[in-house]
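Q: Let me give you the structure first, and then I'll get to my questions.
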Amino acid sequence: MAQEVIKIRGGRTLNGEVNISGAKNSAVAIIPATLLAQGHVKLEGLPQISDVKTLVSLLEDLNIKASLNGMELEVDTTEIQNAALPNNKVESLRASYYMMGAMLGRFKKCVIGLPGGCPLGPRPIDQHIKGFKALGAEIDESSTTSMKIEAKELKGAHIFLDMVSVGATINIMLAAVYATGQTVIENAAKEPEVVDVANFLTSMGANIKGAGTSTIKINGVKELHGSEYQVIPDRIEAGTYMCIAAACGENVILNNIVPKHVETLTAKFSELGVNVDVRDERIRINNNAPYQFVDIKTLVYPGFATDLQQPITPLLFMANGPSFVTDTIYPERFKHVEELKRMGANIEVDEGTATIKPSTLHGAEVYASDLRAGACLIIAGLIAEGVTTIYNVKHIYRGYTDIVEHLKALGADIWTETV
């Protein structure tokens, strides 16, 4: 069966500007949240990625009128109807689990296929289920392909998450906005995307306090009205392009950035010795290799993002000594390592820590196992000698708007082929 691949001839120096898209991890929660509205919602600044299109299609399966035009989505929930959501769409992306919280909040029941997405090792949704049960829901998990969630009534509850989880924090918020009384989420995730979803819900009339802290309080309301809302910029896309610019940029400017959201990466760049100039909503970066070797440990926000440990890895081949990367969030998130070895990388993984030594990369055929691994391989291809061919590019398109076109515009020798 024919498939698209990305090909890169490495060694080009990049120059120019990139406008960063809206945040994927906000958009994939805010789109399901629109079904909580009574009426019309308009979203602006959405990333143009496949996950967004899939979620819009799921809204349409609930008889919601949804019109996606570039970065704008208009939604009309006037004729909404509850329905079992098909497994083939749901299993294509993990963020479909936000339909659970939103549908539970709106209808008090939902039947939904089990969520998919990137295979990153164990990623249970037990904290989501714990939250739903605390609000009064009963969960039927007897099926191997779908889940039934139902509540006679949703009542506010005090919920302590056993681990910090962005998905669980948001999903509980979605279910709790229509619950009777107050819901308190302790040990809540503090990520900017959590704040963005809370701000969107508040713009529709929800009563939410404390988003961005470890304690979020939601006072249930009877109705949410329509709203117009602009999604925040994508800090992971911004971080990825920062890594690209540091790897092979001469003068690259990134626009539409919230500097505070990427300050952990900016600080790590200072350790590495990357030239970074931050101004308001734009960042200018250029390659200043060889870099200093560093240690990186992923943590929950505001720590170093797990989504950036793969994209920053190719930079570490350009350092003057061995670097160490430990992923405490997803210890199995190292499927990119074997692919980098095909390119001649001197890299080993032991018990959740990668040891990365200075290496000269050469072009090879490699496979993107997940979204951020794909970004890592693109950066590796940009600095490698010769031509790199990347397979499984569907993962890359799930999270990056027009990445091939953006890189071409910067001067990269990159193209797609059908093989």
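Note: Cβ is positioned from N, Cα and C throughout, glycine not excepted.
Pulled from Swiss-Prot, these are the listed features:
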{"type": "BINDING", "residues": "K24, N25", "note": "phosphoenolpyruvate binding site"}
{"type": "BINDING", "residues": "R94, R123, P124, I125, D126, Q127, D307, I329", "note": "UDP-N-acetyl-alpha-D-glucosamine binding site"}
{"type": "ACT_SITE", "residues": "C118", "note": "active site, proton donor"}
{"type": "MOD_RES", "residues": "C118", "note": "2-(S-cysteinyl)pyruvic acid O-phosphothioketal"}
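Could you place the listed features in the three-dimensional structure?
A: With a 10 A radius on its CB, K24 (phosphoenolpyruvate binding site) counts 26 other CB atoms from all the protein chains. K24 (phosphoenolpyruvate binding site) carries a helical DSSP state (H, G or I).
Less than 8 angstroms from the CB of P124 (UDP-N-acetyl-alpha-D-glucosamine binding site) sits no same-chain residue that is six or more residues away.
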Q: If you run the three-state DSSP split on Q127 (UDP-N-acetyl-alpha-D-glucosamine binding site), which class comes out?
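A: Reduced to three states, the DSSP call for Q127 (UDP-N-acetyl-alpha-D-glucosamine binding site) is helix.
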Q: In terms of DSSP three-state secondary structure, what is the assignment for I329 (UDP-N-acetyl-alpha-D-glucosamine binding site)?
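A: I329 (UDP-N-acetyl-alpha-D-glucosamine binding site) sits in coil per DSSP, no helix or strand.
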Q: Going by DSSP, give the three-state secondary structure for R94 (UDP-N-acetyl-alpha-D-glucosamine binding site).
A: helix
Q: At the Cα level, what's the spacing in Å between D126 (UDP-N-acetyl-alpha-D-glucosamine binding site) and K24 (phosphoenolpyruvate binding site), rounded?
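A: A Cα-Cα distance of 23 Å.
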